[in-house]
Amino acid sequence: MKILWLQASGCGGCTQSLLGAESRRGVLARLAGGGVELVFHPALAEASGDEALALLAAAADGTLAFDALCVEGALLRGPNGSGRFHVLAGSGVPMIDWVRRLAARARHVLAIGSCTAYGGIAASGDNLLEACGLQFDGAEPGGLLGADFRAGSGLPVVNVAGCPIHADWVVDTLLALAAGAFAAGDLDALQRPRFYSEQLVHHGCPKNEFYEFKASAQKPSDLGCLMENLGCKGTQAHADCNVRPWYGVGSCLRGGFSCIACTEPGFEEPGHPFMATPKVAGIPIGLPLDMPKAWFVALAALSKSATPKRVRESATRDHPLPLPSTKKGPRP
Amino acid sequence: MSRLVIGPFNRVEGDLEVALDVADGRVRGAEVSASLYRGFENLLVGRDPLDALVLVPRICGICSVSQSAAAAAALAAAAGLVMPANGRLAQNLIHCCENLADHLTHFYCFFMPDFARDGYAGAPWHAGVAERFRAQRGSALADWLPARTDFLRVLGYLAGKWPHTLALQPGGTTRAITPTEKVRLAEVLREFRDFLETTLFADALEAFAALDSPAALAAWAEARDGDLARFVRVALALGLERVGRAGDRFLSFGAYAAAGGPLLPRGVWQDGAALALDPAAIVEDVSHAWLEDGAALPPAAGETRPLADPDAKPAAYSWCKAPRYAGRAVETGALARQLLAGQPLAASLVAAHGGSVLARVVARMSEVARLLPQMEQWLREIAPGEPFCAEWTAPQDAHGVGLVEAARGALGHWLTIERGRIAGYQIVAPTTWNFSPRDAAGQPGALEQALVGLPVGAGERNPPIVQHVVRSFDPCMVCTVH
Ligand code: SF4
Ligand code: SF4
């Protein structure tokens with residue numbers, strides 16, 4: 001499967017994250033092993049200047065065959081629909097025009113990262129940039145290519161959302177596409193691959209014991225659950241971050257900071273400070289997606305009253321209180 | 001006079017176009033253009049101050065921790081917050097890991113592939129270099145990429161994820177490491193040292209760091225077979241120690257907090273001597289940017305107003321502003337840091353031929369050799385059980401400045417808080433200095449200076465020498481146009 005990769009208005013972080021995929025000989029060898037070839041990638045291509053432009057022009061006019069178009073970064077339609085905020089260097093042509101032409105030739109089109117899927121950070125505030133995603137504008141279908149767009153294969157845009165993506169979300173999607181093992185039914189309602197988006201960040205969270213007892217952190221670096229006070233959206237965010245560690249060891253929650261739901265459309269505008277939890281009558285307004293609100297409230301009250309001392313006290317420290325001794329007799 | 005427009009420059013971060021005026025086989029003038037506008041400074045206004053920690057890392061996926069560190073420093077300054085020793089050590093480790101990984105990603109993925117290109121076929125060194133460093137398929141990537149992933153476990157443990165961690169806070173970090181994690185981190189650093197000493201340097205880090213003259217460097221490169229020695233031999237064969245000189249005026253904001261000030265000092269290097277840095281001498285000029293005209297302003301009072309019709313300003317050719325220090329264009333990056341730190345090899349390379357392609361790359365690698373042992377030391381100093389983070393109290397009205405060093409140079413964030421919200425936020429990134437357009441006085445930016453005089457053969461559309469000079473600065477355009 002031959003891939004053309006373009007970087008629109010993003011930070012390049014999705015590529016940097018992709019390069020960190022775990023692999024004995026590196027992610028490029030891993031992709032090559034699955035039959036995935038990067039015909040063009042701005043961060044990796046040998047071609048530069050005229051040669052790179054010639055290659056893209058040939059792909060756009062159909063003389064160079066390729067299979068998949070991956071776009072990273074938001075699509076900037078501003079100012080005033082001109083696309084002038086992002087002109088592909090050396091070409092004099094706005095990036096949005098390149099993307100429209102290349103998407104029309106591709107068998108598969110992938111949005112890499114939340115910028116490209118939904119608009120992301122670039123679309124926040126009053127969106128002077130007129131930023132949007134490939135097939136979404138926030139959570140609204142549409143975007144640059146329009147809600148009716150279908151790639152040559154019949155699939156809509158595949159939204160590998162995340163800011164940045166976890167390397168394996170992209171690698172697994174590409175390898176599945178290359179193997180012909182990915183169909184429309186493998187996408188969720190926001191067109192994200194279901195293999196990672198039909199889980200909650202909360203699943204596998206190392207702070208689950210604190211969550212169960214509603215033993216909450218009060219300030220950064222506290223060990224407790226981050227949901228009640230520090231804005232964590234792990235119970236509402238679709239992704240498998242806590243069961244698929246970064247670099248084999250980390251995750252946002254393992255790092256001690258809140259999930260900001262970076263795989264969701266509109267994550268950039270939560271309507272409240274990222275690191276604070278909005279509440280009504282002391283109860284967080286954003287509650288877990290996988291249980292009824294009344295249960296949550298009842299269980300929270302009950303479990304709070306039964307919190308073990310070790311859990312309650314560790315929640316507001318950065319080092320855990322030691323476990324009680326297993327030995328009989330007086331403790332040192 | 002003929003005009004050559006080169007773009008897109010791949011293997012840099014973001015969109016870059018270079019226009020060269022060529023006469024009699026030489027570059028007579030250069031215009032460097034960033035063809036993307038992003039506008040982070042404006043979208044920060046009105047937000048809760050701590051939201052900056054979410055937004056600014058997303059300026060750049062390659063130096064996101066640097067952006068985060070600058071924001072955290074500006075917020076800490078605004079609140080008068082001092083972080084505990086563990087927080088400082090953990091921030092240094094996190095930041096240093098990103099910077100070193102960044103230096104080597106630049107070397108292996110972005111910079112070296114240009115020497116593998118067919119245009120050099122026939123050079124006696126070409127076959128071996130091509131096998132090793134070809135874009136995407138070179139054998140070096142099969143060594144570097146897994147080593148990089150393993151090294152990034154430092155960020156996995158201490159920062160949760162990378163890029164775009166929230167672990168760096170004004171008061172320290174969010175993750176107190178445990179004694180067993182300390183043991184594991186030491187192992188990660190040991191493995192990375194092993195990669196560097198086997199593959200990159202083919203020598204002990206300390207031995208490379210001790211080199212002190214161009215002659216010592218050349219002799220060192222002749223005697224071994226590591227990737228850096230390969231580069232040095234090729235660079236000397238191509239005369240790259242004499243190519244790519246800008247104004248030889250260097251600036252560093254100082255890097256890695258230590259008890260008595262930054263480990264790598266802040267300052268300005270001019271006429272062969274180090275001077276104290278005066279942040280008040282910094283202004284940004286917009287005369288040649290696609291931004292509404294206005295006076296050159298200090299960043300604390302800066303404005304960013306993109307033109308709705310860029311074509312209406314004929315003098316402009318970039319979305320990048322032109323920062324100036326005491327009225328002069330300066331160069332920033334590893335070479336600046338090493339010069340100001342008094343590193344003899346960097347100083348002697350610059351004394352011989354000024355800033356050059358070779359000097360910039362060697363300064364980066366000296367930094368790798370010197371800082372990995374420092375990371376080992378910081379890790380030893382972390383005291384499990386002691387606090388990692390001081391508590392932040394939001395100020396209602398305050399100013400804060402965060403001056404840090406990204407891999408590619410001086411990065412500054414200037415923050416104003418009014419009524420508990422961000423009222424102003426201005427960023428000056430390293431590539432904004434290095435790749436700035438002309439200012440109102442017509443003075444070119446550092447790369448624009450460095451390109452003048454390069455030879456361009458008749459009919460050459462994309463001279464490799466231009467690629468080497470541009471990439472020797474390790475440009476990051478997405479930061480530039482934040
Ligand atoms: S989705 Fe996030 S990480 Fe990816 S390009 Fe956009 S800002 Fe960068
Ligand atoms: S934990 Fe949340 S913020 Fe972190 S990567 Fe996963 S979805 Fe994004």
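Each residue, glycine too, has its Cβ placed from N, Cα and C.
Automatic, uncurated: that is what TrEMBL annotation is.
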Of the candidates B:ILE94, B:ILE417, B:ILE422, B:ILE427, the one that TrEMBL places in the Mg(2+) site of B:GLU41, B:HIS482: B:ILE427
Against chain A, in sequence order - binding-site residues B:GLU41, B:CYS60, B:ILE427, B:HIS482 with Cβ under 8 Å: B:CYS60
By Cα-Cα distance, the member of binding-site residues B:CYS60, B:CYS63, B:CYS476, B:CYS479 nearest B:ILE427 (Mg(2+) binding site): B:CYS479
B:CYS63 (Ni(2+) binding site) to B:HIS482 (Mg(2+) binding site) - Cα separation in whole Å: 12
DSSP three-state assignment for B:HIS482 (Mg(2+) binding site): coil
Chain-internal residues, separated by at least six, CB under 8 A from B:CYS60 (Ni(2+) binding site): B:GLU13, B:SER66, B:GLN67, B:PRO163, B:ALA429, B:CYS476, B:VAL478, B:CYS479
Of B:CYS63, B:ILE427, B:CYS476, B:CYS479 (the binding-site residues), the residue whose Cβ has the fewest other Cβ atoms within 10 Å: B:ILE427
Entries of B:GLU41, B:CYS60, B:CYS476, B:HIS482 (binding-site residues) sitting next to ligand 1, with Cβ under 6 Å as the cut-off: none
B:GLU41, B:ILE427, B:HIS482 excluded, remaining Cβ within 8 Å of their centroid (Mg(2+)): B:ARG38, B:PHE40, B:LEU44, B:VAL56, B:ILE59, B:THR304, B:HIS413, B:TYR425, B:GLN426, B:VAL428, B:ALA429
Chain-internal residues near B:HIS482 (Mg(2+) binding site), provided their CB is under 8 angstroms and they sit 6+ positions away: B:ARG38, B:GLY39, B:PHE40, B:GLU41, B:ILE59, B:ILE427, B:ALA429
B:GLU41 (Mg(2+) binding site), number of other Cβ atoms within 10 Å: 21
